[in-house]
Amino acid sequence: MLFRISMSATEFLLASLIFCLVFWVIRASRPRVPKGLKNPPGPWGWPLIGHILTLGKNPHLALSRMSQRYGDVLQIRIGSTPVLVLSGLDTIRQALVQQGDDFKGRPNLYSFTLISNGQSMSFGPDSGPVWAARRRLAQNGLKSFSIASDPASSSSCYLEEHVSKEAEVLISKLQEQMAGPGHFNPYRYVVISVANVICAICFGQRYDHNHQELLSLVNLSNNFGEVVGSGNPADFIPILRYLPNRSLNGFKDLNEKFHSFMQKMIKEHYKTFEKGYIRDITDSLIEHCQEKQLDENANIQLSDEKIVNVVLDLFGAGFDTVTTAISWSLMYLVTNPRVQRKIQEELDTVIGRSRRPRLSDRSHLPYMEAFILETFRHSSFVPFTIPHSTTRDTSLKGFYIPKGRCVFVNQWQINHDQKLWVNPSEFLPERFITPDGAIDKVLSEKVILFGLGKRKCIGETIARWEVFLFLAILLQRVEFSVPPGVKVDMTPIYGLTMKHACCEHFQMQLRS
């Protein structure tokens with residue numbers, strides 16, 4: 001009996017010692033908070049796994065609910081890694097715009113190292129002068145071969161020319177499907193049409209809708225968003241990288257195939273490159289590489305491998321977001337036929353049928369613009385920005401944020417915040433129309449989909465123009481529908497860009 005009591009006391013003392021040691025390690029690992037500041041609040045997480053179970057399959061929803069309790073600045077753990085979560089339009093603008101230099105970093109996540117061998121402009125951890133110079137170069141190239149006017153074309157700019165051509169081909173492909181099976185999955189055809197636009201801008205060429213290499217690449221692209229979406233456990237718990245993981249293996253395969261495809265395209269451009277005759281973005285990057293003109297003051301040069309990475313970033317950003325936006329738009333059109341009719345009435349009144357829509361028509365089509373804004377807001381198909389990280393010790397709203405802290409920016413929460421939106425769960429384009437029939441500029445600027453500040457998507461303007469032009473050309477010519485009684489599944493599938501379930505029951509007819 002005495003022996004048992006002695007053992008129980010020993011066990012109790014040992015357990016107490018372990019508890020105190022663990023408590024001390026946790027306290028010691030937390031950064032010292034400067035006087036006058038405090039640590040961000042947040043719920044207690046499980047040992048080892050943190051809040052993974054709480055995040056579930058829809059982290060944007062879980063973290064939005066959490067923000068209602070803990071506020072717009074809160075902290076969770078994924079595994080043992082602390083993650084700052086930002087919600088609320090004012091808070092996010094404060095962090096990414098007013099304090100942009102503090103929050104412009106990228107965390108060195110495992111999945112990010114697999115993109116462009118860790119040298120991606122969008123996903124890589126660099127945020128210094130080299131990154132800034134590459135970003136400026138990419139922006140200039142994108143502007144030169146999309147927004148700039150083409151003297152040999154009647155279109156207002158290169159982008160308008162490319163989109164107009166691809167929209168006409170897309171309509172023809174959909175007509176073929178109606179003449180055959182009598183229905184179609186629009187995503188299958190939209191994705192190639194949009195990919196062809198960015199291919200024309202980057203490589204000066206387009207591909208047939210049955211081009212097998214391009215088809216295999218774009219069909220794998222969904223896996224990309226699934227892995228790099230905010231909250232992927234393998235990014236925070238190293239052991240998960242070594243367990244069987246179909247998504248992660250597919251992600252590695254996709255990045256290798258994309259990289260190989262880009263290398264092949266750039267090698268072909270080098271063979272046919274002619275100084276003074278710049279055909280596309282790739283040619284312009286080669287010219288900068290040869291003349292070492294990326295940033296003369298900093299003496300920064302662009303290597304051949306960096307060209308591959310820049311083009312890869314532009315290609316990825318230029319097709320996935322636009323494809324997803326158009327695909328969601330079509331889903332909203334068939335589930336809201338009243339809205340579709342109203343857009344077409346506006347097109348008929350402003351443009352008619354004798355000419356195709358142009359980018360210059362955009363400011364005269366407020367209901368079309370309101371529909372696109374409401375599609376962006378309601379779907380919020382980019383629920384989080386690509387994760388940020390802090391570049392130095394800083395503070396936000398009275399909370400201390402140490403250097404190197406991973407930061408999730410919840411765009412979905414902004415777009416569904418009841419403080420900003422009346423009945424946010426309702427799809428209502430009219431919310432963006434003022435009493436005099438114009439777009440409400442103040443309200444439209446509250447829709448956040450492309451990030452803010454120094455890491456804002458460089459292709460935002462072009463993406464908005466492209467979505468507008470594709471939809472305007474399609475809806476001027478075509479009416480979309482699904483058969484009576486067919487249920488359209490609008491449930492988002494979580495990822496970096498959230499897709500909807502495939503709908504094979506789309507139908508279309510040319511407008512009389």
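Using the three backbone atoms N, Cα and C, a Cβ is placed for every residue, glycine included.
It should be emphasised that the depicted structure is a prediction, and the values quoted were computed from it without experimental measurement.
Taken from Swiss-Prot, the feature substrate binding site applies to PHE224, supported by similarity to another entry. DSSP gives PHE224 (substrate binding site) a helix state.
Cβ neighbour count for CYS457 (heme binding site) (all protein chains, 10 Å cutoff from its Cβ): 19. Marked as heme binding site by Swiss-Prot on the basis of similarity to another entry: CYS457.
As annotated by Swiss-Prot, O-linked glycosylation site applies to SER67. All protein chains included, SER67 (O-linked glycosylation site) registers 20 other Cβ atoms within 10 Å of its own Cβ.
The feature region 'Mitochondrial targeting signal' is assigned by Swiss-Prot to 29-40.
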Distance [Cα-Cα, Å, rounded] between PHE224 (substrate binding site) and CYS457 (heme binding site):
17
Model confidence over the region 'Mitochondrial targeting signal' (29-40), averaged pLDDT
84
Where SER67 (O-linked glycosylation site) falls in three-state DSSP terms:
helix
